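Below is one structure, written out as structure tokens, with a few remarks after it.
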Amino acid sequence: MIKKIAVLTSGGDAPGMNAAIRGVVRSALSEGLEVYGIYEGYYGLYHNKIQQLTRYSVSDIINRGGTFLGSARFPEFKDPAVREKCVEILRSHGIDALVVIGGDGSYMGAKLLTEEHDFPCVGIPGTIDNDVAGTDYTIGYQTALETAVEAIDRLRDTSSSHKRISIVEIMGRHCSDLTISAAIAGGCEYIVASEIEFNREELIKQIERAIIKGKRHAIIAITELLCDVNELAREIEARVKHETRATILGHIQRGGTPCAFDRILGSRMGVYAVDLLLQGKGGYCVGIQNEQLVHHDIIDAINNMRREFKADWLAMSKRLD
């Protein structure tokens, strides 16, 4: 029977993680469990940065961005000897199970602890990229979306005033959910998504045709890592003879007060993760599909399940141009 659980946040931070931590802590305490917080993710676990938490430890954090437990990259966790030491540390505290909040890399760590050491872990999807399989939404995505849309709205104001083309680079790595959704909500004229081949020449020709028709300004939304957006801006300006500037939103998308959706989602997922552990269901990850909380085998979430590209959304955006 589980008596003590721990919780950590790993990888890139996301608004709403604190709500998930709070959900884990308070729901576990309500069931008579002891709860421990692991500071700075897997790095902190390896260095024994573990502290018992009370309900007051998570007071007044639901409205705060980031994660009060902190997070860190820890590539050394790939070493089996490092993982073995981490399990030894957990067991030295009498901890029976672990809740991991993060993205696919964090899930991989939880998967290895479960597979190699039969240590019960449950994953909660926390990343602004919305790129975790087995869930419609990840914690932090909606807040990051609002941040990106606000930035696009501001860029439109100044682009309109100066007859300028603006390129806005949006986070997401290999998943363009954030880019496509922000572009539709912000009324962007062009979308460059990571899931489809980037045809630079076709993009420039589209802009040229629009300018010939009298368009005064435009906004191009592009997913990060596809190209050097500043270089692209210079090329567009040289070709179409229209002032063009690039804006990289960067880590501003990860910060800020979490929206109500992410606070509620984090709370629900935190409680659900504890319920799974109480039912003896380690090795799973939490998700939300069609507004219902669900769980999947964490191995399937990593190896077999793939998020569907929003191709229909992208097609719709072209009809709205």
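Positions of Cβ are set from backbone N, Cα and C atoms, glycine also.
Here is what Swiss-Prot says about this protein:
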ACT_SITE  Asp129  active site, proton acceptor
BINDING   Gly12, Arg73, Phe74, Gly103, Asp104, Gly105, Ser106  ATP binding site
BINDING   22-26, 55-60, Arg156, 187-189, Lys213, 215-217  ADP binding site
BINDING   Asp104  Mg(2+) binding site
BINDING   Thr127, Ile128, Asp129, Arg164, Met171, Gly172, Arg173, Glu224, Arg245, His251, Ile252, Gln253, Arg254  substrate binding site
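Positions of the features from Swiss-Prot, shown on the structure.
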{"residue": "Arg73", "record": "ATP binding site", "Cβ neighbours (10 Å)": "14"}
{"residue": "Gly103", "record": "ATP binding site", "Cβ neighbours (10 Å)": "23"}
{"residue": "Asp104", "record": "ATP binding site", "Cβ neighbours (10 Å)": "19"}
{"residue": "Gly105", "record": "ATP binding site", "Cβ neighbours (10 Å)": "17"}
{"residue": "Ser106", "record": "ATP binding site", "Cβ neighbours (10 Å)": "27"}
{"residue": "Met171", "record": "substrate binding site", "Cβ neighbours (10 Å)": "25"}
{"residue": "Arg173", "record": "substrate binding site", "Cβ neighbours (10 Å)": "16"}
{"residue": "His217", "record": "ADP binding site", "Cβ neighbours (10 Å)": "20"}
{"residue": "Arg245", "record": "substrate binding site", "Cβ neighbours (10 Å)": "19"}
{"residue": "Ile252", "record": "substrate binding site", "Cβ neighbours (10 Å)": "13"}
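Each of the binding-site residues Ser59, Thr127 was scored by other CB atoms within 10 A of its CB, and the lowest score goes to Ser59. A separation of roughly 17 Å, to the nearest angstrom, links the Cα atoms of Arg173 (substrate binding site) and Arg73 (ATP binding site). Among the binding-site residues Tyr56, Phe74, the residue whose Cβ has the fewest other Cβ atoms within 10 Å is Tyr56. Using a 10 Å Cα-Cα cut-off from Gly103 (ATP binding site), the recorded positions that qualify among Arg22, Ser59, Thr127, Asp129, Lys213, Arg254 are Thr127, Asp129. For the binding-site residues shown (Arg22, Lys213, Arg254), fewest C-beta neighbours within 10 angstroms: Lys213. Other C-beta atoms found within 10 angstroms of the C-beta of Asp129 (active site, proton acceptor) number 27, with every protein chain shown included. Of all residue pairs in Thr127, Ile128, Asp129, Arg164, Met171, Gly172, Arg173, Glu224, Arg245, His251, Ile252, Gln253, Arg254, the annotated binders of substrate, the farthest apart have Cα atoms separated by 32 Å. Applying an 8 A CB threshold to same-chain residues 6+ apart, the list for Gly12 (ATP binding site) reads Ser71, Gly102, Gly103, Thr127, Ile128, Arg254. Taking Cβ-Cβ distances under 8 Å and a sequence separation of 6 or more, the neighbours of Val25 (ADP binding site) in its chain are Val7, Val35, Gly37, Leu53, Arg55, Ser57, Val58, Gly270. When Cα-Cα distances from Arg73 (ATP binding site) are compared across the binding-site residues Gly187, Lys213, Ile252, the shortest belongs to Ile252.
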